[in-house]
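Asker: Sharing a structure here in structure tokens format.
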């Protein structure tokens, strides 16, 4: 009985560890087959005979992103949806460009920890813990900062020049929950009475905020 109990504990511990990040690959590669209708916590593998170097290559992060938008920033993702060779490998990247004063608004990555490296500029960055503690710092060219998995975080260009970072994730598809857009531009919309109660503001204020995120006609 003791041996069985120990074995059960080992199995449970292993299962818990396995779910802490993307599952380990069980083969050398599993290039995503975008044409397959089968989706089991990832993409199906395309035949090994059809795999080429292009499946593992991308120039997505070469060009600066257009930052002439509401927040003054643009995230260019290099994840499994853009690079099929990342399937099952548990990593991805992104380039984030910021106009002067630009903001990557408060958001979370439900499936990954993020680490950023500043290519150009200076940024105010931070994350908020589950006890509502703000952990923040100003980072400059050549410096790095880590945002723990699932915690709300942000980056803001505090300078007069454009800024750029490269971000790394321990997931092939980290996912992004943009807090302002999630709450005020969801489809179907979050009920006004939920937002008025949550933010202790009136319906007119909620409608005004929603109008700022509505698609431009």
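Quick reminder: no glycine exception, Cβ is built from N, Cα and C everywhere.
Fair warning: this is a prediction, and the values are worked out from it, not measured in the lab.
Heads up, here are the entries from Swiss-Prot:
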BINDING   107, 109, 114, 153  Mn(2+) binding site
DISULFID  30-45  disulfide bond
DOMAIN    58-207  domain 'Cupin type-1'
CARBOHYD  50  N-linked glycosylation site
CARBOHYD  68  N-linked glycosylation site
SIGNAL    1-20  signal peptide
Asker: Express the predicted model's confidence over the domain 'Cupin type-1' (58-207) as a mean pLDDT, rounded to an integer.
Answerer: 97
Asker: Could you state the CA-to-CA distance between residue 107 (Mn(2+) binding site) and residue 68 (N-linked glycosylation site) to the nearest Å?
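Answerer: Between the alpha carbons of residue 107 (Mn(2+) binding site) and residue 68 (N-linked glycosylation site) there are 20 Å.
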Asker: Beyond the listed site residues 107, 109, 114, 153, identify every same-chain residue whose Cβ lies within 8 Å of the center of their Cβ atoms for the Mn(2+) site.
Answerer: 108, 112, 127, 147, 151, 152, 174, 176
Asker: In DSSP terms, helix, strand or coil for residue 50 (N-linked glycosylation site)?
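Answerer: Residue 50 (N-linked glycosylation site) sits in a helix per DSSP.
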Asker: Looking only at the domain 'Cupin type-1' (58-207), how are its residues distributed among DSSP helix, strand and coil?
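Answerer: For that range the per-state counts are 22 helix, 59 strand, 69 coil.
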Asker: Other Cβ atoms within 10 Å is the metric here; tell me which of the disulfide-bonded residues 30, 45 scores highest.
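Answerer: That would be 30, with the most Cβ atoms nearby.
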